[in-house]
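I have placed the structure first, in the form of structure tokens, so that the comments after it can refer back to it.
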């Protein structure tokens, strides 16, 4: 019987290999390539036309992300870190996730989906960082590697990410939470890579300014997607024209 590998499983395995071989600050932004398909998938599922605002949101977000990647000349850091190195970033992420979840309860529709998407993206970025830490600890014995604290932390991060992710997709259109999640994950992964895994960033003022500006452009793309007004499916529109 031929071995069949589920696409999701294959994606996880390939991401783990990439995280072992490359810097987190490079791998996670590259993973954001799924953003290109967000609006097209929604349009296909709902059988509606892709509106100009959708295209604007994706164009702005992807352009900002592309410039961000071009400017980020990242050098390799350490393969794994101790528990103390995680204290500050985990605390900061917990505050941001709590703020996003709290704000999400005060809004509706696409805005709520986007806020929960940001929170889910943060959780997934930490899950990816923990996968990198685990792969960095691997030296031939998988059981020894799995018997370390990052395994338990990874399970928690994945569970939180899945919960936030599923909740986000129940509010508003697909583009808002998916764009928010897809953009937050690589940006947070970039920060974790530089601060936790000590991946090197060229400290040139012009380059750093470009990273800040391109990050702002990405944020604008997220906002545009989160505030897009839903439109009727194209099929429904054609039927109403005939009546």
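Including glycine, each Cβ sits where the backbone N, Cα and C put it.
Database features (TrEMBL):
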TRANSMEM  26-46  transmembrane segment
TRANSMEM  55-77  transmembrane segment
TRANSMEM  83-101  transmembrane segment
TRANSMEM  113-131  transmembrane segment
TRANSMEM  143-164  transmembrane segment
TRANSMEM  176-196  transmembrane segment
TRANSMEM  208-226  transmembrane segment
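Remote same-chain partners of the transmembrane segment (113-131), defined as residues 6 or more beyond its termini with a Cβ less than 8 Å from a stretch Cβ, comprise 15-16, 19, 24, 27-28, 31, 89-90, 93, 96-97, 100-101, 103-104, 107, 150, 153-154, 157-158, 160-161, 164-165, 167-173, 176-186, 188-189, 192-193, 196-197, 222-223, 225-226.
When Cβ-Cβ distances under 8 Å to the transmembrane segment (208-226) are tallied for each of 55-77, 83-101, 143-164, 176-196, the top count falls to 55-77. Same-chain residues lying 6 or more positions outside the transmembrane segment (143-164) and placing a CB less than 8 Å from one of its CB atoms are 80, 83, 86, 97, 101, 116-117, 119-120, 123-124, 126-127, 130-131, 133-134, 137.
Under 8 Å from some Cβ of the transmembrane segment (83-101) lie the Cβ atoms of residues 115-116, 118-119, 122-123, 126, 149, 153, 160, 164, 188, 191-192, 195-196, all in the same chain and six or more residues away from its ends.
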